[in-house]
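Notes follow the structure.
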Amino acid sequence: MINNLKTFILLASLTALLVVIGGLLGGSTGMLIALVFAGVMNFSAYWYSDVLVLKMYNAEPLPNNHFVNNIISELAHRAGTPVPKVYLINNSTPNAFATGRNPENASIAVTTGLLDRLTQEEITGVLAHELAHVIHRDTLINVVSATIAGAISGIANMFMWLSMFGHNSNNEEGVHPVVGMIMMIVAPLAAGLIQMAISRSREFEADAGGARISGNPQWLASALLKLDQANHEQYFDEAETHPSTAHLFIINPLNGEKLANLFSTHPSTAERVARLRAMY
């Protein structure tokens, strides 16, 4: 209950940040437009964001007879929840995410790299983790926050260019270029910090829930160590192109050498593994 309240407050903060940007850009009219825009974004995110995220990563449905579908069916039956659809992303970097507005409309995407690098037990641990996200309804929260954060980043960049080239500082309807520059930097950072606060506690809960579903926390712990190492060594092109979706993944897919990674939406892998190993 407390975690749900915290998440509601953080999502409201993202929406408020979008409205503030609208106010700076266009006064009271801009605030109204931003508020309407936020409503449309939330509505669209609820109904369509899962489809959009899967398209971003060119995910394709797995054949019904694929062994991964057999694993997820068994896990879902064990957890007493509908069986999610499983999609494959053609990328050698091992990773996975879940999406969808509710358990009845959920999907799990895995990369070819994950299937190539992990053992069947480790794959089971990862799928159980993602299924726990679905059961906890984290999937809806994640895609909504990703959609709003992406909109904030896009508007902030547009804000900067409009303030620099579309108006001058003597125009009372314009925004001073310095304000635009500050907004470009601060708004996406603030959105990222809010996303981080939403995501971190939910990752721990999904780890624990997934371990209970699979019956062996060591499977997920072993998988996390392999995924963490690979995602520091490899470059996930689609994730770098769409950084606002990074928090959807089981392991942060953004390159570890980037400064932005200091504000990771994921808790440290070492802490996650330690908690899993302490479960039994």
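Just so you know, glycine gets a Cβ as well, placed from its N, Cα and C.
Counting Cβ atoms from all protein chains shown, E130 (active site) has 29 others lying within 10 Å of its own Cβ. In the three-state DSSP reading, E130 (active site) counts as helix. According to Swiss-Prot, the active site annotation covers E130.
Sequence-distant contacts of H129 (Zn(2+) binding site), defined by Cβ-Cβ distance under 8 angstroms and a gap of at least six in the same chain, are A206, D207, G209, G210, L220, I250. Residues or ranges marked as Zn(2+) binding site by Swiss-Prot: H129, H133, E203.
The transmembrane segment annotation in Swiss-Prot covers 7-26 (among others), and the record cites sequence analysis as its basis.
The feature transmembrane segment is assigned by Swiss-Prot to 30-49 (among others), with sequence analysis given as support.
Sequence annotations record features per position, and here Swiss-Prot assigns transmembrane segment to 146-166 (among others).
Annotated transmembrane segment per Swiss-Prot: 178-198 (among others), in sequence order.
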Those residues of the chain, 6+ apart, with a Cβ under 8 Å from that of H133 (Zn(2+) binding site): A98, T139, N142, R202, A206
Integer Å distance between the CA atoms belonging to E203 (Zn(2+) binding site) and E130 (active site): 10
